[in-house]
Every structure is written in structure tokens, then in C-alpha cells.
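Below is one structure, written out as C-alpha cells; comments come after it.
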Amino acid sequence: MRFGRRKFVNNRHPEIITVDADTPALVLPYPPTIDEKYLYTKTRRVPLYICGTLSFLSITAGMWLFSISTEEFYWRVSFVGLGFIVEFYMLIAYAVGYTGRDYDLENHNKVITEYATSPGDEPSVDILLPCCGEPLEILENTYKNIVRLSYTNFKVHVLDDGGLDTVKKLAESYGFNYIRRENRGYLKKAGNLRHSFNVTSGDFFVIFDADFCPRHDFLLEMVPIMRKETDIAIAQSPQFFRPCREQTWVEQGASSTQELFYRVIQVNRDRWGAPICVGSNAIYRREALKAVGGTAEIGHSEDVHTGFFAMTRGWRVKYVPLALARGVSPDTPKAYFSQQMRWCSGSSALLTNPEFWKSNLTIVQKLCFLTGMLYYSAAALGIFLNPMPGLLMLLFNPEHIIFYNFFFVIPAMIDSIFIFRLWSRQSYNFNCIFAFVIQQYAYLMAIKDKICGTTALWVPSGDNKAQTGLGKAKGGNNKYRNSRILCAVWVHFTMAATIGLSTFRILQGYHFYNYIPMLALDSYTVFATFRFIWTS
């Protein structure tokens with residue numbers, strides 16, 4: 001049985017919480033408030049990048065000093081080779097970041113005024129609401145906000161790949177057009193969207209994932225941009241989330257970690273004409289996709305590919321950092337792991353496609369896309385690179401272990417724990433650190449799958465029972481379980497090795513205090529990975 005309760009966060013917007021005895025509390029979203037709408041228009045990126053640069057330079061200096069001090073050639077080459085990937089990513093990311101600029105809100109408001117629509121001259125818009133097994137509470141919460149859009153010339157289509165009569169009844173009760181394609185499952189979400197493209201006819205169409213609740217002025221903010229700049233194929237607004245204490249730790253961490261991407265990185269990429277289309281909360285020009293039959297014909301990450309291929313055909317993708325719709329993040333570690341694997345797989349699929357490198361995008365645009373894959377690679381490599389210097393020095397060069405050598409790590413610790421908290425407009429706390437651990441192992445598994453050709457099939461985030469998915473082989477998919485086992489074995493092995501080797505070196509006569517920072521860092525890693533390993 002499911003019960004509902006309301007918790008009022010402010011006088012205008014209650015957070016609606018439904019509780020199930022067998023599942024985490026479901027915290028339903030509501031549209032962003034007027035204050036939240038403009039949270040991402042000021043990046044405050046300069047202080048953030050200055051602190052990040054200091055952290056980067058400190059870590060880099062420590063890495064190279066370690067490489068120089070290591071006499072064993074093969075360890076030196078391995079560490080430098082892997083470290084170079086991280087260094088290369090950071091150099092490109094900071095170069096794009098420093099040359100970025102804040103969104104011109106004043107010009108945006110001018111465009112909204114000059115190209116505002118009124119009943120009678122509004123372009124037609126199709127609202128596409130794909131779903132596949134999400135709870136009815138989430139769907140109805142979205143539908144309630146869709147009908148409040150301040151626009152007259154739009155039609156709503158529910159694209160149900162779950163094939164549920166209950167969803168059909170709900171959609172029809174709101175006067176929405178219900179679409180259930182015959183070849184359900186073909187190309188997953190991409191196939192669902194491509195089918196809808198052929199049975200709708202609006203000048204523009206907007207996609208909202210099942211959980212996203214738009215503000216009433218979503219179309220009033222986005223349509224004028226498309227009317228003014230006729231070479232724009234897609235105008236993308238942020239996927240906005242707001243963590244609160246009623247959510248699970250995963251949902252809180254996952255929500256807060258998205259802020260950097262939507263508040264800073266996408267704005268910086270837009271400066272160079274290379275923002276990523278993320279599917280939901282975007283408005284699409286039908287004319288721009290007519291030649292190819294709609295969104296990209298690919299079974300995963302069709303959003304990124306749709307934007308990329310539109311750019312290769314001479315169209316533009318524009319990023320508008322106004323929070324115009326709020327959604328929910330995955331609320332379990334397994335669901336979040338699945339989502340992050342899917343995102344990494346989509347990015348790697350694009351970057352390993354020869355068409356990407358042969359495309360007519362500029363070098364800077366390609367570098368912007370490249371940073372995405374490099375980020376996934378750098379995060380995954382961090383699993384092994386972080387403990388490697390200490391262990392190798394314990395094994396081969398204990399005389400070089402001096403407590404102040406670990407000062408190279410302090411700026412990075414301060415940056416990740418304190419600076420981001422000061423910069424963030426969200427609730428940035430240790431849940432973000434816990435969520436990042438899940439990201440690291442999800443990326444590692446996705447990269448391994450790409451190399452080995454064992455990438456799992458796409459599974460809707462809303463279908464929590466299907467998060468394990470199916471791989472190419474028959475039977476269940478144990479990627480999440482295997483990643484947790486790997487994390488437990490690796491973290492506890494490195495911790496045990498550090499303790500054992502440190503004890504051995506101290507007994508040999510080395511000063512004990514030189515080993516305290518190393519043990520403290522390993523203890524922090526055990527703390528950061530605890531929830532991923534021990535909570536399901």
C-alpha cells in the first residue's frame with residue numbers, strides 16, 4: 001500500500017512525498033521557482049577555476065616528482081602514461097573554461113520581448129512525453145504541470161513504450177493524445193521518439209522525460225529564441241534538480257553533482273557552439289530533423305547524437321541556462337550506476353565513430369566533445385592512480401616518503417570538499433562524494449564494455465526493476481554487483497597493503513609520522529566508498 005503526505009518547504013510549493021514499505025520515499029518534483037529559474041545564469045566560474053587550477057598544478061607537480069623519483073622504468077612509464085590522459089583532459093577543460101563567458105541574460109530578455117508570441121500567431125508545438133514503466137504518481141505529477149503551460153497552440157502526446165492501459169487512461173483523462181507504437185522496444189527511447197516524429201506535425205516539438213515538471217512559461221522563454229535564430233535546430237535548457245533531506249543520499253548527491261555541468265560547462269561550450277543536447281527540456285525545430293526522419297536512429301544516447309548530427313548538417317545547438325523544468329534523479333545506487341554507465345557509453349560511442357572525426361565541426365568544437373569522454377576516462381583512472389604512488393614508494397623507495405610530500409594533495413582536498421560547497425547554489429555535501437564513487441566505477445565498467453564489446457542494452461531509468469538489464473550474453477547482467485565487488489576488493493586491498501607495508505617500514509627504522517598522511521588518505525577512500533560497497 002502507498003500513502004501520501006505533504007511537507008511544505010515554503011508557502012507556495014509543497015514537496016509531495018509518497019511512501020512505500022518496499023521502496024525509498026518518492027519525492028515528487030515541482031516546477032522551479034522564480035528565484036531558481038535564474039540560478040544558473042551566473043557561473044561564478046573564475047574563482048572556481050582559479051582554485052581548480054591551483055589544485056591541478058599541485059597534483060601535477062606531485063605526479064611528476066613521483067615519476068622522477070621512481071627508479072623502476074616500467075612503473076614510471078605506466079604512471080606517466082595514465083597520468084597523461086588526466087593531464088590532457090584537465091588542460092582542455094580549463095582552456096575551454098577560462099575562455100567561456102556568462103550567459104547574456106539582458107539580451108535574452110530583449111529577444112523574449114521582441115519575438116514574443118500571442119494567441120493567433122503562435123507556432124504550433126508538440127509536447128512529447130515518452131514513458132516506459134514509470135510510476136503513475138510521477139506521470140500524473142508531470143501532466144498536472146504540462147496543462148498549466150502559458151501557451152495556446154500546443155498538443156500533448158504521451159509516448160508509452162510500456163504499453164500500460166493505466167497510462168492510457170491517465171493520459172486521456174488530461175486530454176492528451178496517447179501513442180503506443182506497434183514495434184515497441186525497437187531502438188528503445190530513440191525508436192519511440194522517431195515514431196512520434198512521423199505521426200505529429202508541429203512546427204516545433206518539446207521533449208520532457210517522464211519526471212520533469214516545466215514552469216508555466218517554458219514555451220514563452222524558448223519559442224522566441226527559435227523564432228529569432230532560424231538556424232537553431234535545438235535549444236536546450238538545463239535538467240534542473242533540487243536536493244532535499246527527504247530524498248535518499250543517492251538522489252541528493254546525484255542532483256547536486258549536475259550543477260557544474262549545467263551551470264558552467266554547458267555555458268562554456270555554448271561559447272564555442274558545442275553544447276550537448278541532453279534530450280529532455282529542449283525544443284526542437286521540425287524542419288531541422290525532417291531530412292533524417294527525426295531524432296538520431298541509435299539505441300542509446302540518441303540525444304547527444306541528434307545534436308551532433310544536426311550540427312554536421314549546418315544547424316546550431318544553443319544552450320539556455322534558465323531552469324525551466326525540474327526533475328528527479330535516480331534514487332538508488334543501482335539506478336544511478338545504470339544511468340552513468342549509459343551516459344559514458346553514449347559519449348564513447350560518438351567519440352569512437354569515424355564520422356565524428358571526419359565531420360565539419362571546428363577543432364574547438366571537437367575538443368569540447370572530446371572533454372566529455374576524457375572526463376569519464378580520467379574519473380575511472382582515478383580509481384587506480386590515486387593509491388598507486390604511495391604503494392609504489394612503500395615498495396621501492398621508502399626513503400622518499402616524507403610527510404610534507406602529501407601537501408601536494410591538500411589543495412585538491414580543499415577544492416573538492418570546501419570550495420565546491422561555497423560555490424554551489426545547491427546542497428553540496430559528502431553525498432556528492434559518495435555519488436562520485438558510483439560514477440567512477442560505472443565509467444570504468446562502461447569503458448571496459450566498450451573495449452570488450454559487451455555494452456549492456458539501454459534500460460529506462462524509471463524502470464527500477466530492470467536496472468540490471470541484459471547484456472549480449474544470455475542471462476542476467478551483474479555489472480553493478482561486480483563493480484561493487486571490485487571496489488571492495490581494491491579499496492580494502494590497498495588499505496591493508498598500506499597498513500602492512502607502513503608497519504614493515506616503521507619496524508625497519510623509518511619515522512612513523514611520515515606514514516600518517518598516507519594512512520589518512522586511504523582511510524578517507526574507505527569512508528568515501530563505504531556506501532557504494534555496503535548499501536544496495
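Any Cβ shown, glycine's included, is placed from N, Cα and C.
Whatever TrEMBL says is automated annotation, not expert-curated.
Predicted, not measured: the structure shown is a model, and the values here were computed from it.
The following features are taken from TrEMBL:
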- 46-67: transmembrane segment (TRANSMEM)
- 73-96: transmembrane segment (TRANSMEM)
- 127-292: domain 'Glycosyltransferase 2-like' (DOMAIN)
- 374-396: transmembrane segment (TRANSMEM)
- 402-423: transmembrane segment (TRANSMEM)
- 485-506: transmembrane segment (TRANSMEM)
- 512-534: transmembrane segment (TRANSMEM)
Surrounding residues of the transmembrane segment (512-534) on its own chain - C-beta under 8 Å, 6+ positions past either end: 249, 333, 386-387, 390, 394, 401-403, 406, 409, 433-434, 436-438, 441, 484, 487-488, 491-492, 494-495, 498-499, 502, 505-506
Most Cβ pairs under 8 Å with the transmembrane segment (374-396), selected from 46-67, 402-423, 485-506: 485-506
Local confidence of the domain 'Glycosyltransferase 2-like' (127-292) - pLDDT mean: 97
